[in-house]
Amino acid sequence: MTSATQSTIINGVNLSTEVAGVPLASYVLNASGPRCTSAEELKIVGESHSAAIMTKSCTILPREGNPEPRYQNLDLGSIQSMGLPNLGYKAYLEMIPTLKQHGKPVIVSVSGFSIEDNIEMVSAFQQSAVDLIEVNFSCPNIPGKAQVAYDFEQTEQALKAITALGDKPIGIKLAPYFDMSHFIAMADILKQYPVKFITCINSIGNSLVIDPETEQPIIKPKGGFGGLCGEYIKPVGLANVRAFRELLGDDVQIMGVGGINTGVDAFEYLLAGADAVQVATCFEKQGAACFERIETELAQFMAKKGYTSLEDAKGKLKPL
Ligand code: RRO
């Protein structure tokens, strides 16, 4: 089921897009991550210019998450090890009818600890009014749990199971990759299953920031190892979007995420081939006004270049 979505046209530039057959009024939405866990936070996303309402990744049972301090701002981003704090998937299932009243697509993020968990949650959301299901294969912050996206065998088994549970489009949130052989291996797996979109990238996991004065890490969980976010990771996000766009062609939509603070950042993701972009750290730091600002800046930048729609530049990175 899709929402009756209007197009956002600013300075003559139409920012409307589509992901897995679901129309989005604009190119910019919130990422699963900050400020999207509680009903109050999701209401604020609903009332903002975010093109959709994306939930925090959920698990079977509610979770408090990791011990604090677990989030720290940095000059060019943040480091965090939240540990999947969420209300449990049943709470998000119940919220969907209310969230849908905002008149924009609702996307649920699920992050089970096993294939069985993901089957239970995806099956439940397949029976709901949610528009898209993003399955998170890349949370780096659960002590003792490897990221599924770095285990190609497990990824394949999980995809086989979760793409056979209903007709609602399934997407996968991927970890960042750093080697061409990994891009190729993952693309070859994705092509075998009806994965309708991918989200690139999750945070750069197991990063370490040290305070030289205190001689300590700046976050507590996992000895200070956490996910690096924000501007630091934009070049990695762009490369992942670009690599998968080239390997997957236009059959699979790509949501870009990682270091989008300005409309020009969003434009760079558009050139790399992203169909939409998600904003995490900037939303955490600036609040919900960031969506309208980024949209306006994107449209102004594109208008200056004479572009009138996203298609004019999507994937059209020029060779040097
Ligand atoms: O909650 C987290 O610690 C978290 C998740 Br689920 C994720 O997917 N990525 C991340 O950087 N943090």
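Backbone N, Cα and C define each Cβ position, glycine as well.
Heads up, TrEMBL stuff is auto-annotated, nobody curated it.
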* **Site-mate of Ser32, Lys56, Ser57, Lys173, Ile201, Gly230, Gly258, Gly259, Ala280, Thr281 for FMN in TrEMBL, selected among Asn136, Asn141** => Asn136
* Structure fact -> The mean pLDDT across the domain 'Dihydroorotate dehydrogenase catalytic' (15-302) is 98
* Asked: Considering only the recorded positions Ser32, Lys56, Cys139, which possess a Cβ situated under 6 angstroms from at least one atom of ligand 1?
  -> Cys139
* To do: State the three-class DSSP label for Thr281 (FMN binding site), counting H, G and I as helix, E and B as strand, and everything else as coil.
  => helix
* Taking Cα atoms as reference points, rank the binding-site residues Lys173, Gly230, Gly259 by distance from Asn136 (substrate binding site) and give the first. => Lys173
